[in-house]
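*Asks:* Annotations for this protein, taken from Swiss-Prot, read as follows:
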- 1-733: topological domain 'Cytoplasmic' (TOPO_DOM)
- 187-195: region 'Epitope' (REGION)
- 734-758: transmembrane segment (TRANSMEM)
- 759-765: topological domain 'Extracellular' (TOPO_DOM)
- 766-789: transmembrane segment (TRANSMEM)
- 790-796: topological domain 'Cytoplasmic' (TOPO_DOM)
- 797-817: transmembrane segment (TRANSMEM)
- 818-822: topological domain 'Extracellular' (TOPO_DOM)
- 823-848: transmembrane segment (TRANSMEM)
- 849-853: topological domain 'Cytoplasmic' (TOPO_DOM)
- 854-890: transmembrane segment (TRANSMEM)
- 891-895: topological domain 'Extracellular' (TOPO_DOM)
- 896-912: intramembrane segment (INTRAMEM)
- 913-954: topological domain 'Extracellular' (TOPO_DOM)
- Asn934: N-linked glycosylation site (CARBOHYD)
- 955-983: transmembrane segment (TRANSMEM)
- 984-1104: topological domain 'Cytoplasmic' (TOPO_DOM)
Amino acid sequence: MSFRAARLSMRNRRNDTLDSTRTLYSSASRSTDLSYSESDLVNFIQANFKKRECVFFTKDSKATENVCKCGYAQSQHMEGTQINQSEKWNYKKHTKEFPTDAFGDIQFETLGKKGKYIRLSCDTDAEILYELLTQHWHLKTPNLVISVTGGAKNFALKPRMRKIFSRLIYIAQSKGAWILTGGTHYGLMKYIGEVVRDNTISRSSEENIVAIGIAAWGMVSNRDTLIRNCDAEGYFLAQYLMDDFTRDPLYILDNNHTHLLLVDNGCHGHPTVEAKLRNQLEKYISERTIQDSNYGGKIPIVCFAQGGGKETLKAINTSIKNKIPCVVVEGSGQIADVIASLVEVEDALTSSAVKEKLVRFLPRTVSRLPEEETESWIKWLKEILECSHLLTVIKMEEAGDEIVSNAISYALYKAFSTSEQDKDNWNGQLKLLLEWNQLDLANDEIFTNDRRWESADLQEVMFTALIKDRPKFVRLFLENGLNLRKFLTHDVLTELFSNHFSTLVYRNLQIAKNSYNDALLTFVWKLVANFRRGFRKEDRNGRDEMDIELHDVSPITRHPLQALFIWAILQNKKELSKVIWEQTRGCTLAALGASKLLKTLAKVKNDINAAGESEELANEYETRAVELFTECYSSDEDLAEQLLVYSCEAWGGSNCLELAVEATDQHFIAQPGVQNFLSKQWYGEISRDTKNWKIILCLFIIPLVGCGFVSFRKKPVDKHKKLLWYYVAFFTSPFVVFSWNVVFYIAFLLLFAYVLLMDFHSVPHPPELVLYSLVFVLFCDEVRQWYVNGVNYFTDLWNVMDTLGLFYFIAGIVFRLHSSNKSSLYSGRVIFCLDYIIFTLRLIHIFTVSRNLGPKIIMLQRMLIDVFFFLFLFAVWMVAFGVARQGILRQNEQRWRWIFRSVIYEPYLAMFGQVPSDVDGTTYDFAHCTFTGNESKPLCVELDEHNLPRFPEWITIPLVCIYMLSTNILLVNLLVAMFGYTVGTVQENNDQVWKFQRYFLVQEYCSRLNIPFPFIVFAYFYMVVKKCFKCCCKEKNMESSVCCFKNEDNETLAWEGVMKENYLVKINTKANDTSEEMRHRFRQLDTKLNDLKGLLKEIANKIK
């Protein structure tokens, strides 16, 4: 089957699944979207399903009362029943079929649970029964059927057996399987029902289990309550009482089964009547052909046997004859242990050997059996063991989480691979093992040296492995010849992103794109939206707009591996994404891109656990990027540095450094290789061995540059222009430009201070005019940065400070120009003074490059955030105290200025130790207040009839004490603790934080024009003129993308691929060494434990 056909087939199956409605009762919910009305369903059942009634009374000679051999008394027979005295009773001759009178919903009165039930003849056609289950009771077509048998009587559930049953139910739930049991509240069936109930309670209703019980109608206790009333119309609800205290030999029905099929052959008290119909139903299901089955177009069915006696033996025998594989639990006792022990016999199987095993495991049962029946048992066992390839044995003592799953999958695989029509169907066998995630079997049985696999043969199963998140199978297919690049066509990627991509992830991606306005996020969102082109979204105005499509699909067609990697990363497919990452080109860039995407998405996820998983995976990819780059750098520094600046359109045109910074991957930026690269950029052509003081000295004594005082990384090519080359290389170095800017900025601040303090006149003097020209140069530089960075310019706090400083300076000039007005001139000077503070604080940013001062500056920045939190808490305390104090002391103060002083200013000063003096009546000074409110004094406190302060001191003084205690001790110490935590956090990663912040300064000066201040202004004029000339001539830049097409890029990526393989080998070797070390430690512990046991025995013997 071609991949396109497989994909269309998967799409059809998905649509069929959406169109069908699953109806479950008891632990399953009933569907409300029925294709038939209740009356149609009743008509269908009455037309196709029958009950059986005995119409010939044959007296049972062994019975004491007048009872027929069918088990019913003569009075319980219908009117007109004939008397039969000579013939042997047979249900086919002596019973007659009538329309069934027992079907509908069954409600268990004890627990109030519901289920579906029907009474049907033992001769009912299996096809009609299957139609009832799937089309009328709306059960989804099973992906697997598990027929559980054994342990109907005297069954005691062991803890390990309960674990096996729990795993069996989990498999049924996860695989969409049907479980077939005896359906009674007795023995094995009772415990199966309880496990079904426990698993149903712990999971959502959409994942409920289908547990079908098939029991004999004549063995059901209280079955009269299941018969419909004569006047009942439509569907019937039967009220069934579970009477556990009844000593009746009959069984009660189990309340945890979802569907009950009650098989009737006209008898009462005759067990095993249902066996024939159950076998027919199992055979019909196993032979039914369905589309898209991973079992050769059939529904897989497996018999699960434990314990049991004769009926279990017959059930296993029938299953084996019908080519149904069987899983037997060794250690569960009785017939299961007999079969398990005989499977291990290597010699030819003799009757005596079989009988020996029967006597060993079933001594009482075999001793009571007639010889003929014993021979029948031996015959059945031999028939079973002739098809030993259909038997799979698991040991109850070794019951683990995967033992049941492995056993069922292995049983199905053996049955499938040994069948005549499917033994050469390698693709079908591989699908089966993929469905059950059996990698070892696939490795050992299918991918052998006997067969050569083509890439096209593995494409269908590869797609299944991707959507089922089977990373080990994906790796296996890649190792066996699958070409991932050829497999990832546009149709495949469209199918993955449109039908196997979480809508929630898509919404989170869209939220992140809108929130952070990030280039990579926008690119990835457009890429995903291009595949999900049928998706529509509604904008804020309520209008519909189509998804944005990528106009250039080349990033997708040229980089399908990166698109698949992004698909896996966005959905947090941890192990699968790692397998795909190993196949991509530009692994370092891909790892950093994954880290950035995951960290950004984690910020917008509402689920804390999901956000934590994304953060954890992001950190893993950062670690991979660090380790891989370290491997590359240790091999070749120059090529490793080329990797840092390599960009790819599949990641929005970003390079490794940009993605690492945007993802805040400080560990990567702090790597020696990255820092050495930044240092090369920082010093330019100047050798890094040159001392900084030499470079700074050359700024003041320029001729030293050409005298060999400063060393350079390389020698000039043209000897005649050697001196010119030295000067150009020196003054274009970012470090020299930075140093010159520092000198210039300090000179600018000194000039600014001189003008403010000594030379500020009504008419500007030359120093002030020089100051204006220097600020103009700063203004031009900020305009250039804004033009280059766009909106991102204002994301940097220092840029905001620069803009604010320039804005204040312009405002100061505006006031300064009105020199005729003294007040305006003074206002201008005040604004200049405030602006000087901003420009001076801006000096802090320059020294972030210092290894010693840089971390301290970062601490200051983070402590400012702590101060804002502190001020919020302090404001609550301050306003509460200030309003209460003012209201207690004074009445109807109308002056806002004094209200502000009393409510805000004075409580604020109290935090610094200035205790309010107006809360103590004994020391209150009326000379410093006013009663009229007209003077520049605070309002006096309210007086009583004796002209004494009215306020109660027993309130005001304790109030001040509590306020001082809360602010000066509690809040201030809280702030100190916050500062301590912040400093400690930065101190722990002192080196990383500084190196990360250093990157921004290096990039800032590397992106600037390499011309010292203030001469750079001429370059700005030249750039403006050039831009205007281009606009007038309407020149267009038609350069096309050359991503990954340059020879140097291909060589670098090929070399990185080799380094990646070395890195992966080291990881695997390290993991193997760790495992070996653990095994060695366990062996040492085992030896020590044995020595201790021996020592304890010696001590015990001495005591005796």
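Cβ atoms are placed via backbone N, Cα and C, with glycine included.
Just so it is clear, the model here is predicted, and its values are computed rather than measured.
I'm curious about the neighbourhood of these features; can you describe it?
*Replies:* Secondary structure of the region 'Epitope' (187-195) per DSSP (helix as H, G, I; strand as E, B; remaining residues coil): 9 helix, 0 strand, 0 coil.
A Cβ distance under 8 Å defines the sequence-distant neighbours of the transmembrane segment (766-789), meaning residues of its chain 6+ beyond its ends; these are 744, 748, 751-752, 754-755, 759-760, 799, 802-803, 806, 809, 813, 1007-1008, 1013-1014, 1016-1017, 1020, 1023.
Using a Cβ-Cβ cut-off under 8 Å and counting only residues 6 or more beyond its ends in the same chain, the topological domain 'Cytoplasmic' (790-796) has close neighbours at 517, 803, 1000.
Within its own chain, the transmembrane segment (797-817) has Cβ neighbours under 8 Å at 764, 772, 775, 778-779, 782, 785-786, 824-825, 827-829, 831-832, 834-835, 838-839, 841-842, 845, 861, counting only residues six or more beyond its boundaries.
If you take every residue in the topological domain 'Extracellular' (818-822) and average the pLDDT, you get 74.
Outside the transmembrane segment (823-848) by six or more residues, the chain places 738, 741-742, 745-746, 748-749, 752-753, 755-756, 760, 762, 798, 801-802, 804-805, 808-809, 811-817, 854, 857-858, 860, 994, 997-998, 1000-1001 with a CB less than 8 A from a CB of the stretch.
Counting only same-chain residues 6+ beyond the ends of the transmembrane segment (854-890), those with a CB under 8 A from a CB of the stretch are 797, 844-845, 847-848, 899, 902-904, 906-908, 911, 916, 918-919, 938-942, 951, 955-956, 959-960, 963, 966-967, 971, 974-975, 978-979, 982-983, 985-987, 990, 993-994, 997-998.
Sequence-distant neighbours of the intramembrane segment (896-912) (same chain, 6+ residues past either end, Cβ-Cβ under 8 Å): 874, 878-879, 881-883, 885-886, 890, 938-939, 960, 963-964, 967-968, 972.
Proximity of distant same-chain residues to the transmembrane segment (955-983), defined by a Cβ-Cβ separation under 8 Å and at least 6 residues beyond the stretch ends, is recorded for 859, 862-863, 866-867, 869-870, 873-874, 877-878, 881, 884-885, 888-889, 907, 910-911, 913, 915-916, 919-920.
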*Asks:* Using a Cβ-Cβ cut-off of under 8 Å, list the residues of the same chain that are 6+ residues beyond the ends of the topological domain 'Cytoplasmic' (849-853) and lie near it.
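*Replies:* Result: 738, 994, 998, 1001-1002.
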*Asks:* Mind checking which residues of the chain, 6+ beyond the ends of the transmembrane segment (734-758), have their Cβ under 8 Å from one of its Cβ atoms?
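*Replies:* Residues packing against the transmembrane segment (734-758) from afar: 681-684, 686, 692, 695-696, 699, 767-768, 770-771, 774, 829, 832-833, 836, 839-840, 843, 846, 849, 1001-1002, 1005-1006, 1008, 1010-1014.
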*Asks:* DSSP helix, strand and coil counts for the topological domain 'Cytoplasmic' (849-853)?
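*Replies:* Across the topological domain 'Cytoplasmic' (849-853), the residues distribute as 2 helix, 0 strand, 3 coil.
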*Asks:* When the topological domain 'Cytoplasmic' (790-796) is classified with DSSP, how many of its residues are helical, how many are strand and how many are coil?
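*Replies:* Counting residues per DSSP class in the topological domain 'Cytoplasmic' (790-796), I get 6 helix, 0 strand, 1 coil.
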